[in-house]
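Here is the structure we will look at, set down as structure tokens.
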Amino acid sequence: MSKLGNLGARLHRGEVGYDFIGKRKIWYGLSILITITAIVALAVRGLNMGIEFQGGAVFTTPKTDVSVSQAQTYAEEASGHDAIVQQLGNGSLRIQVGGLDTDKSDQVRAELAKDLNVPESKIAAELVGPSWGEQIATKAWTGLGVFMILVVIYLAIAFEWRMAVAALVALIHDLTITVGIYSLVGFEVTVGTVIGLLTILGYSLYDTVVVFDSLKEQTKDITKQTRYTYSELANRSINGTLVRSINTTVVALLPVAGLLFIGGGVLGAGMLNDISLSLFVGLAAGAYSSIFIATPLVADLKEREPSIKALRKRVLAKRASAAAKGESLDAADDLSSEAAVVGPRAGRRGTQEHRG
Amino acid sequence: MAAPKKGRRPAGGQSRPGRALALILIAMVALTGGMFWSGHTTPRLGIDLAGGTSITLKAKAEPGQESAVNETNMNTAVGIIERRVNGLGVSEAEVQTQGAENIIVNIPRGTNEKQAREQVGTTAQLYFRPVLAVAAATPQTAPSATPSGKPSGSPKPSASASSGTTVGEKSATPTATASPQGRALTEALKAPSPTPTASSSAKPKATGTPQATPKPDPATAALQQKFATLNCLDPKARTAAGQGVKSTEPTVACGKNAIGQWEKYLLGPAEVDGKDVDKAKAGLDQRTGQWIVDMEFTDAGSKKFQSITSKLSQQAEPQNQFAIVLDGEVVSAPRVQTTLSASAQISGSFTQQSAQDLGNVLSYGALPLAFQTQSVDTVTAALGGDQLQAGLIAGAIGLGLVIIYLVAYYRGLSLIAILSLGVSALLTYVLMALLGPAIGFALNLPAVCGAIVAIGITADSFIVYFERIRDELREGRTLRPAVERAWPRARRTILVSDFVSFLAAAVLFIVTVGKVQGFAFTLGLTTLLDIVVVFLFTKPVMTLLARTKFFGNGHAWSGLDPKRLGAKPPLRRTRRTHAPVDTKEA
């Protein structure tokens, strides 16, 4: 903890700093690799769709002495379909029967009650028609589409289109990774998962927006100075918001971890668990992408702009001439050293300069 | 919220912390007071937490009639399903549309889920059936079961004599009388208004005992028995009365009369069905100033209607009526005075409301919509309780972890964060409790998740602000100006990011259905509250605390110790790192 606090101070002074932008190719590569893995996994393994998407029934019994395998036999006999039985933390059983239509499930529930020797009213049942999940999925896709369009418009107005594009790429990146992990690990996809995924939309962008906000501020009058290139300033904003990013992510993950732990520990499975699992994966991906993908992408896009290109030339020329004169401008270190260490003086001055 | 503004107000000139704090305090007291005053001190719980059955139906239009799935039809369907579920004697069942094509039926625990499901899913049936007999709601004690059919009361002038049907029926106790029979609407096609040939037909017939027989009656003994024993005061019996009856068979049914009393009817086979009605609407009769219902039939419907009205207009009371039967219940039983075909007008002692209701029933009664059961969740009280408990524990643990982290990292500063989280939590709770009665908000499991996730979003606002303040301190400012200078920038970041978060929640809420919607609602609500709390509480409190010695002087435990933050000392340093030890912090 103390190291982290110290890090904040040193980051602020520019004593330490990681060259996120300079090493962006590594991170792009990593992300592309992960994304490809995710897509391949999705294509090969597909997703383990829960009964909400296939139609079927989930019965939750009260605490019972009937063993899992016994219950499975009962359930399969009663329904004529395959059943998956899990023991939950509180001693109750969760019996999942796929392919059951909503009409027949009543009957199965009644038979299960008899077999397990519990009153029918004590068995909770969730019966789902095959098209329900499809409907939720369709709506979720629509929501995703509408949200993306709106957010791109908003970001393009409040910031600029390059940031909107980069944020969108980061968002798609996060969703792909999350879905890929679901496919790889074989977690079940339920309505809770969909909710979690949709939440990532907001959260992933939230994180990105905070970094962009700082970036926008840092680069406000960028063409009026010749000390830094756009990429260098972008890197500074990432480093400047790094502590916040870490803190935010930790603070966001803690309650989700609580949900995950409780959902898994006490109830065995269900909505709490499903939401928190996809959130957990998505939040982590979101924090990663806003730092390693979104901002470097903005810098890449920006550096193609003529005025920014010209600036880069001017900055480099100035450094070259300074070097020729034997002066050692702190900022020059930026370029020469891989780690983009920005000297305290320069850093300070730079900031003040831009704050006007 | 939109474009982040750059304007930075002069430091110090803006802070009136007392006013903002007073504002939020008043709001909190008012809301909490309102909560206790209204008596809704806990949020309404959804089926998944309280136990009960939740059924989701999806409307399916018949091919070629896709436009039938529209708002009006959906609302009518909700009305019809509500009637059905309440017919089961369920109290507080709630039926509502969700999205464009879904209907959610929530039935609190303790009712017959199986029966409810059967009732809920089927298409509403609207039929026009000739009335064979009418009687008071309860079973006759002195059963006139013997089809002695002699209409005792026949002679009465004003069509009062109800009896005289094939089914042995004692003379019209209930109905009869001057007042209309079926129900408000019943006076039907009668006297005062437009229907021309008016009374002519009714009276002459009345005298005749005769047509007891003309119906070649399949009114079997069983049916008579059913009619005799039917008790319309019993909701279950009402529901059961018309069940499983084919439209081509005679049946019994219940309905309310003009003064709101139940009556029972013996009805012939359906002659016209709901699909034959082209449109119907309530209107004000210009001549009489009374509410009437106009209906128009389709081509096929016109022919059928013509045939039924020509038959009925020849009959005596009560057989000159046709009953409009919706889901086995008589909605109205107007008398027919003349042969009608393509269009007809129903008049009687309508109120605006009752006329419109009938218009709706006629237009949409037999919806061209079929409903498909999408999902049925039956949650036992025990499971719901477990889940609620788990959710609360998870929330508490999450909150605890966040607090521990904040304290460890921000030390004294975390006090402000914790207080703000507390205010946020209180407001969220109170609003949830109040929104239950206000807009039918029910706390379900996804909503609980949404609230827990929101802890992170809320805490993030403080982190953004705190980090800004610390940056300012590192610049070498003292706390008071730092607090003010940091605010405009933190404010902008908070607004921009909360806007994105709220946008996501709003889009989700509008576009999605079911559980997703509950989640989105909570997320949106807490995002808005976050802004309120940060503006009206966190910032003012921060301003106030900056004036204290503990924070203002940067006590080692305040989280704002300039030395620990590695603030720039007044004199410029020559070389960077000579401060590894004293930058050690938190």
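A Cβ is built for glycine as well, from the same backbone N, Cα and C atoms used for every other residue.
Record features (TrEMBL):
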type: DOMAIN; residues: A:114-303; note: domain 'Protein export membrane protein SecD/SecF C-terminal'
type: REGION; residues: A:323-356; note: region 'Disordered'
type: TRANSMEM; residues: A:26-44; note: transmembrane segment
type: TRANSMEM; residues: A:140-157; note: transmembrane segment
type: TRANSMEM; residues: A:164-185; note: transmembrane segment
type: TRANSMEM; residues: A:191-212; note: transmembrane segment
type: TRANSMEM; residues: A:246-269; note: transmembrane segment
type: TRANSMEM; residues: A:275-299; note: transmembrane segment
Key: Residue numbers, six or more beyond the limits of the transmembrane segment (A:164-185), whose CB comes under 8 Å of its CB atoms   = 31, 34-35, 37-39, 41-42, 45-48, 148, 151-156, 193, 197, 200-201, 204-205, 208-209, 212, 278, 281-282, 285-286, 289-290, 293-295, 297-298, 301
Query = Counting only residues 6+ away from its ends, which parts of the chain sit with a Cβ under 8 Å from the transmembrane segment (A:140-157)?
reply = 163-165, 167-168, 171, 194, 197-198, 201, 205, 209, 212
Key: Long-range neighbours of the transmembrane segment (A:26-44), counting only residues six or more past its ends (CB under 8 A)   = 20, 173, 176-177, 179-181, 183-184, 289, 292-293, 296
Key: Distal contacts, the transmembrane segment (A:275-299) - CB-CB under 8 A, six or more residues away   = 20-21, 24, 27-28, 30-31, 162-163, 165-167, 169-171, 173-175, 177-178, 181-182, 187, 192-193, 195-197, 199-200, 203-204, 207-208, 210-212, 215, 230-231, 234-235, 237-238, 242, 245, 248-249, 252-253, 256-257, 259-260, 263
